[in-house]
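Chemist: First the structure, then my questions, so here it is.
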Amino acid sequence: MPDLPQGVAPARVRSFVRRGRRSALTLDRLHRLAPARALPPGRFDPEQAFGRVAPVVLEIGCGHGHAAIAFASARPEWDIVAMDVHSPGLARMLADAEAAQVPNLRVEQGDAVVFLEERVGDRVFDAIHLFFPDPWRKKKHTKRRFVSPTNLDLLARVLKPAGHILVATDQEFYARHVLDEVAAHPRFDGRRVDRPDWRPAVGFEAKGRAAGREIHELRLDLVG
């Protein structure tokens with residue numbers, strides 16, 4: 001890479017691809033429902049966001065929110081922040097969360113790495129969920145995979161002691177990638193675990209099963 005001018009940072013390598021326009025339905029749902037569930041601007045304060053002190057989990061790449069809503073319903077003693085870059089999925093999740101009447105769910109739209117770097121302090125989350133992230137199959141796209149040394153450093157900072165990360169994927173090569181990255185990282189221990197009973201088998205999980213692929217469930221425990 002050629003040297004950049006002084007004061008200019010290299011472009012961030014994103015683990016996602018931005019999509020197109022938002023429909024009228026998406027805009028309507030965001031306008032009506034987002035104010036009640038959006039995080040307050042500025043530094044993330046769980047007690048301010050949820051109005052109580054409770055364990056809190058961040059789901060990165062929540063899609064249509066099926067897992068986040070199911071978790072909020074099954075674990076009312078926990079709070080969950082569901083995050084994604086794509087507004088149509090968030091809008092649908094807002095509508096479904098309203099129907100499910102889950103008070104312990106908040107939403108945030110944007111790049112999770114930027115959110116964690118700029119708005120989250122140390123030792124904030126009890127757990128992080130990463131379900132069916134883009135595996136970026138091609139070797140030239142390996143650097144786009146979310147689980148990387150730099151991002152593991154970041155997640156280790158924002159997790160509380162004894163915190164953990166749950167990862168699910170229907171791609172064996174991605175499961176191996178995650179376990180290899182974790183094995184090389186001093187702050188995490190990784191292992192295969194059973195599927196969480198609260199998570200619905202929909203979306204990418206359902207597609208993977210229909211195609212005959214095994215679902216790989218991983219747990220990365222913070223150590224040290």
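Counting begins at 1 with the first residue displayed.
Note that Cβ sites are derived from N, Cα and C of the backbone, with glycine treated the same way.
As annotated in TrEMBL:
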- Glu59, Asp84, Asp111, Asp134: S-adenosyl-L-methionine binding site (BINDING)
- Lys138, Asp170: substrate binding site (BINDING)
Chemist: Can you check what DSSP calls Asp134 (S-adenosyl-L-methionine binding site), collapsed to helix, strand or coil?
Modeler: coil
Chemist: Please find, for Glu59, Asp84, Asp111, Asp134 as listed binding S-adenosyl-L-methionine, the greatest distance between any two Cα atoms, in Å.
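Modeler: The two farthest binding residues have Cα atoms 14 Å apart.
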Chemist: Using DSSP and three states only, what is Asp111 (S-adenosyl-L-methionine binding site)?
Modeler: coil
Chemist: According to DSSP, folded down to helix, strand and coil, what is Asp170 (substrate binding site)?
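Modeler: Its secondary structure by DSSP: coil.
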Chemist: Near Asp84 (S-adenosyl-L-methionine binding site), which residues of its chain come within a Cβ-Cβ distance under 8 Å, counting only those 6 or more away in sequence?
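Modeler: Within the chain, Asp84 (S-adenosyl-L-methionine binding site) has Cβ neighbours under 8 Å at Gly61, Cys62, Gly63, Leu90, Gln109.
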Chemist: Compared by Cα position, which of the binding-site residues Glu59, Asp111, Asp134 is the closest one to Asp170 (substrate binding site)?
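Modeler: Of all the candidates listed, Asp134 is nearest in space.
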Chemist: Say we define neighbours as other CB atoms within 10 Å of the CB. Which of the binding-site residues Glu59, Asp111, Asp170 has the fewest?
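Modeler: Result for the binding-site residues Glu59, Asp111, Asp170: minimum number of other Cβ atoms within 10 Å at Asp111.
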Chemist: Measuring Cα to Cα, tell me the gap between Asp111 (S-adenosyl-L-methionine binding site) and Lys138 (substrate binding site) in whole angstrom.
Modeler: 22
